[in-house]
Amino acid sequence: MLVIESIAIKGFVKILSIPKHLLYPLIIVFCVVGVSSVNNRSFDAWSMLFFGILALILEKNKYPLGPLILGFILGSIIELNYRRSIMSFGSFGNTLTDSFRSGTVFLILAVVIPALNMYMNHRAKQKHVKKMEMPTIEEQ
C-alpha cells in the first residue's frame, strides 16, 4: 500500500488544484453512486443526501457534528443490545434491579445532568454578554 501511495502522490496533489466548485459535485456523485450500489436502493442515496444537508446546516450554526455521527453509527448497536437485554430479562424494569446496572445508570445520570446544567449556564452567559456588548465607534 505504501508503494502505491508513493507512486500516486503526485496525482493526489493535482486533485487538490481542482477548483472546489467542480470538485464538490464530483464527490457528491461518487458518494451517491457508492451508497446506491451497496443495496441497490434509492432510499440510501436520499438518506445520505438528507443527512449531508442536515450536517451542513448544523455546521453553519456551529453545532458539533461529532456527537451526531457517533449517535448515527452507534445507534443501531445500542438498539440491538437493548433488545437483547429486554429478551433476556423480560422487561426493562428487570434490568435496573441488578445493582451493577442500576449503579451504572445512576453514575451516568450523575455525570450527564451536571454537565448539561453547566452547558446551559455557559450558553446563557454567552447570550447575556452578547446583549451587553455596545457597538464601538468604528462599527457605526
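Just so it is clear, glycine is given a Cβ too, placed from its N, Cα and C backbone atoms.
Note: TrEMBL annotation is automatic and uncurated.
So that you can see what the record holds, here are the features copied from TrEMBL:
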DOMAIN    1-70  domain 'DUF112'
TRANSMEM  21-37  transmembrane segment
TRANSMEM  43-58  transmembrane segment
TRANSMEM  65-82  transmembrane segment
TRANSMEM  102-120  transmembrane segment
DSSP helix/strand/coil residue counts for the domain 'DUF112' (1-70): 59 helix, 0 strand, 11 coil
Within the predicted model, mean pLDDT of the domain 'DUF112' (1-70): 88
